[in-house]
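> So Swiss-Prot lists the following for this protein:
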TRANSMEM  26-46  transmembrane segment
TRANSMEM  66-86  transmembrane segment
TRANSMEM  115-135  transmembrane segment
TRANSMEM  147-167  transmembrane segment
TRANSMEM  171-191  transmembrane segment
TRANSMEM  207-227  transmembrane segment
TRANSMEM  234-254  transmembrane segment
COMPBIAS  285-295  compositional bias 'Polar residues'
REGION    285-322  region 'Disordered'
COMPBIAS  299-310  compositional bias 'Basic residues'
COMPBIAS  311-322  compositional bias 'Polar residues'
Amino acid sequence: MALIMKYIDSMHHYMDKYGDPRTKDWPLMSSPFPTLALCLGYVYLVKVLGPRLMENRKPFQLRNTLILYNFVQVVFSAWLFYEIGISGWLTGHYNFRCQPVDYSNHPKTLRMVHACWWYYFSKFTEFFDTFFFVMRKKTSQVSTLHVIHHGCMPMSVWFGVKFTPGGHSTFFGLLNTFVHIVMYTYYLFTAMGPQFQKYLWWKKYLTSLQMVQFVAIMVHAFQLLFIDCNYPKAFVWWIGMHAVMFLFLFNEFYQSTYKATKRRRAAAAEARRLAAEEAKLQNGSAVSSNGSAITANGHHGKNGSVHHHSNGSATSNGTSLLSNGVGSNKAADYYVRGDLPAEIEITQRQPSSRNQVQ
């Protein structure tokens, strides 16, 4: 126990010595342990405690809550993008090739430092993405990728705000807040209901946008390994490897989702083809049967009653023919879901008119 306390004291001494004095007394900045505790608590809550509490409960209906939350996140992300951009990246003050950290108390510099802290704070607000999934029992969306992404980010950004608030690494925040504007706009429209689905034609590009973001961050960070720049190499590797890890995770998710969608579409197409073939065979049998009935009527022309009823049978089969044609799409459901359409089942059970006359 004494050894652990000695290690903690030495770590605090190191952080006091090398940490940025401007952020030393800001909320959650004096020590990494509160942030670490919040991240571990988040993982436990969404993977263990939350699903256990919701196991025997009905999913919460959070439509209005989600609309409000996503709207706030869009506004918050837009404000962060503006603050990070106006403090350097979008004004020409920052250099995309190499931007050392400015440790002065210049107003524009302090504006960037404050933007960095608020960006760090935003990583905690994003925990609610997962909390709402758990409350709505959308457990499939609480994936390993999702939990790793949200669970690691606050701790990662904490180190940036503690030691290098500003400079080259804030390019990460600039791109990330832009992507979040797009992402939470999509979530907002989705929460507002089906009538807004027609405006979401671009949703298939969201994962691609995420991957482009990580490639840009990776290239922007790793370029400092090949040029002389007064920026800590440890943070170059930290940010670059984060980008590489998330790039591979998102790419794996993209590929698995794309392949699964492709398989579902192929299965649906095959089901429609089989249903059409079966309907065609059934219709052929119905036409052949009608032909026999009409021939039989010709041989029994004196019996007007029989002729009338037999022709009625042909008409009935004609109706069945149309019904089978219309029902081919519903028959496809049988191959996909295993539920036999009602009208086909009734047609199969119904005796012919000729048998009724006999």
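Even glycines carry a Cβ here, placed using N, Cα and C.
These numbers come from a predicted model, not from an experiment.
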> Is the transmembrane segment (26-46) in contact with the transmembrane segment (171-191), using three or more Cβ pairs under 8 angstroms as the rule and ignoring pairs under 6 apart in sequence?
no
> Could you name the stretch, out of 26-46, 66-86, 207-227, 234-254, with the greatest number of CB pairs under 8 A to the transmembrane segment (147-167)?
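Stretch with maximum Cβ contacts: 26-46.
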> Can you name the far-off residues of the same chain, 6+ from the ends of the transmembrane segment (115-135), with a Cβ under 8 Å from a Cβ of it?
23, 26, 28-29, 38, 42, 45-46, 50-51, 54, 59-60, 62, 65-66, 69, 73, 76-77, 80, 83-84, 87, 141-142, 146-147, 150, 153-154, 157-158, 160-161, 165-166, 170, 173, 176-177
> State the non-local partners of the transmembrane segment (66-86) in its own chain: residues 6+ outside its ends, Cβ under 8 Å from one of its Cβ atoms.
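For the transmembrane segment (66-86), the list is 111-112, 114-116, 118-119, 122, 125-126, 128, 132, 170, 173-174, 177-178, 180-181, 184-185, 187-188, 191-192.
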